[in-house]
Amino acid sequence: MLEFAISAPLDTGAELLSDQVSANFPWLSLSILFPIVGAFLVPFIPDEGEGKQVRWFALGIALVTFLITVAAYLYGYDPSLSGLQLSERVSWLPDLGLTWAVGADGISMPLILLTSFITALAVLAAWPVTFKPKLFFFLILAMDGGQIAVFAVQDMLLFFLAWELELLPVYLLLAIWGGKKRQYAATKFIIYTAGSSLFILLVALAMGFFGGGTPNFEYTNLAQQSFGTGFQLLCYAGLLIAFGVKLPIVPLHTWLPDAHGEATAPVHMLLAGILLKMGGYALMRFNAQLLPEAHAQFAPLLIVLGVVNIIYAALTSFAQRNLKRKIAYSSISHMGFVLIGIGSFSALGTSGAMLQMISHGLIGASLFFLVGATYDRTHTLQLEEMGGVGQKMRIMFALWTVCALASLALPGMSGFVSELMVFVGFATDEAYTLTFRIVIAGLAAIGVILTPIYLLSMLREIFFGKENDQLVSHTNLVDAEPREVYIISCLLVPIIGIGLYPRLMTDSYTASIQELVKRDDLALQRIKKPSALMIRNTTMTPAVVSSPRLPITQTRSEQLTRK
């Protein structure tokens, strides 16, 4: 039973929050506003040739947005610094504590680049869309700006607004362009995500108004507040539910297979490549960074939930006969490594979680794009209705094989590096007992073993075996076209590049991750040596080494012994 007594504050904010580096040019504001403005210009583009002009316009906006984020990284971001960079701050509604505050550090900058990169490829993947193309590309571009804002804003109320901004485009993309059960999938998505978002708003208001006076919702201010341990635990629990839906964490995951089961290929890429990463990013930014004492006590729970994700989703994926749902559960399984990395008090493990988000964003987008391309040819998602198409689609088979090998963490691919970092980081983390580390690592290894089994068997059922006569006679099994090869090639370049030389990515966020882990480690040390005002009994952290409990009462025999 937890006693929510208020503890003395963890006064580390001033030491660990480095000075902000102001932007020499409003790169981040431009990267947020440019695609949104472009989205509102889409309705004015002449609609001729089944939306051809609209496609080129949307692709141009997405590419320019990507170039803006690249320029921000090259000309305004220093990977060696751990603090906030590219900082922009404009007072908006000072009486309400609302400020337009954006910036980037190692936790957010790689994800900003990933967002703009995946979105540009998703626009190219949407080239065959001819039904209401103006509305489709309007939603894609608006979603681009909203997702970049999620990673760039430095104000918790702005974060909530950006978090909500991307919900409506996803809902409409599912409800209008989805499959037969699109209304069900879209409604389930909006209920899960919008309902859980209420916790973000409540926590933002509670933290912003903490201590009275003029509210302030900026991250740098919140990180230096004297939040008591009980208050942190309540906020942490609420945020864990909200972000756990988006990650997703089992059992808050059921919206994802339904959404993926009905989405089109470009929407698949945005869901798997970006949307899930918002949950992992938010856990790092808010739960781990702003609520360090609560994170130190919830961390073992995150690790257990991560193992549940890995094993449960891998077993469920193995049993799926629908191709989209199989890959969807595979995504849930891989995101379990993110939870384990965030729950570790190791810089290596947390860095591995960050790399796993980036790696899965690339690999997940590639796999789901191939699912869409395969469906366009076979017009079925049931594995038992496929088979024997490898001879007719050799290039497609080669693309599938490489991407599947990347997903099962083949050495030389980014997934291998990220999962290895999480494993080694957690296994060498002395914050947990040796028994706990062995059990968790052993259970997680089961998921690693299951992954190649269900992925390779999936390839066998799609491309090998006897040809389905009905499938061959009623479909046009043409091989991959240049556009499809180009999209997969663009995704494979960073996947293989990071796998061969991980520092291409890890150097961009190592300094920020080290600062984050240092802050959480100080909170952990404080829990190990609690003061009289701290929580007396924390049942959530049985695995933490040397977490002494305060003596509450003494028996008569103990008192006589001491005398």
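Using N, Cα and C of the backbone, Cβ positions are placed for all residues, glycine too.
If you look up Swiss-Prot, you'll see 90-110 (among others) marked as transmembrane segment.
Residues or ranges marked as transmembrane segment by Swiss-Prot on the basis of sequence analysis: 111-131 (among others).
Annotated transmembrane segment per Swiss-Prot: 133-153 (among others), in sequence order. Counting residues 6+ beyond its ends, the transmembrane segment (133-153) has Cβ neighbours under 8 Å at 28, 31-36, 38-40, 42-43, 45, 47, 50-51, 54-55, 57-58, 61-62, 65, 69, 101-104, 108, 111-112, 115-116, 119, 122-123, 126, 159, 162-163, 165-166, 169-170, 172-173, 176-177, 266, 270, 274-275, 278, 281-282 in the same chain.
Outside the transmembrane segment (157-177), and at least 6 residues removed from its termini, the chain residues within Cβ reach (under 8 Å) are 97-101, 129, 131-132, 135-136, 139-140, 142-143, 145-147, 149-150, 183, 185-187, 189-190, 193-194, 197, 200-201, 204, 208, 217, 259, 262-264, 267, 270-271, 275, 278, 282. Per Swiss-Prot, transmembrane segment is recorded for 157-177 (among others).
Residues annotated as transmembrane segment in Swiss-Prot: 189-209 (among others). With a threshold of 8 Å between CB atoms, the same-chain residues lying at least 6 positions outside the transmembrane segment (189-209) that come near it are 97, 156-157, 159-160, 163-164, 167, 170-171, 174, 215-217, 222, 225, 227, 231, 235, 238-239, 241-242, 244-246, 252, 254-255, 258-259, 286, 290.
The list of residues near the transmembrane segment (230-250) in space but at least 6 beyond its ends in sequence, with Cβ under 8 angstroms from a Cβ of it, reads 2, 4-7, 192-193, 196-200, 202-203, 206-207, 210, 256, 275-276, 278-280, 282-283, 286-287, 291-295, 297-298, 305, 308-309, 312-313, 332, 335, 338-339, 535. Here Swiss-Prot flags 230-250 (among others) as transmembrane segment.
Summarising the annotation, Swiss-Prot assigns transmembrane segment to 264-284 (among others).
Here Swiss-Prot flags 298-318 (among others) as transmembrane segment.
Positions annotated as transmembrane segment by Swiss-Prot, on the basis of sequence analysis: 335-355 (among others).
The transmembrane segment annotation in Swiss-Prot covers 397-417 (among others) and is backed by sequence analysis.
What Swiss-Prot records for 438-458 (among others) is transmembrane segment, and it gives sequence analysis as the kind of evidence. Within the chain, the transmembrane segment (438-458) has long-range Cβ neighbours (under 8 A, six or more residues past its boundaries) at 303-304, 306-307, 310-311, 313-315, 317-318, 323, 326, 330, 333, 336-337, 340, 383, 404, 407-409, 419, 423, 426-427.
Distant neighbours of the transmembrane segment (485-505): 110, 121, 124-125, 355, 358-359, 362-363, 365-366, 369-370, 395, 399, 402-403, 406, 411-417; these residues of the same chain sit at least 6 beyond its ends, with a Cβ under 8 Å from one of its Cβ atoms. What Swiss-Prot lists as transmembrane segment is 485-505 (among others), and the listing cites sequence analysis.
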Ask   = Sequence gap of 6 or more, Cβ distance under 8 Å, 3 or more pairs: do the transmembrane segment (264-284) and the transmembrane segment (335-355) meet that?
value = yes
Key: Tertiary contacts of the transmembrane segment (397-417) (same chain, 6+ residues out, Cβ under 8 Å)   = 330, 334, 352, 355-356, 358-360, 362-363, 366-367, 370, 374, 389-390, 448, 451-452, 455-456, 458-459, 462-463, 480, 484-485, 488, 491-492, 494-496, 498-500, 502, 505
Inquiry  = Using Cβ atoms and a strict cutoff of less than 8 Å, what residues sit near the transmembrane segment (298-318) while being 6 or more residues removed from its termini?
reply    = 233, 236-237, 240, 244, 249-250, 253, 283, 287, 326-333, 335-340, 342-345, 426, 431-432, 436, 440, 443-444, 446-448, 450-451, 453-454, 520, 540-544
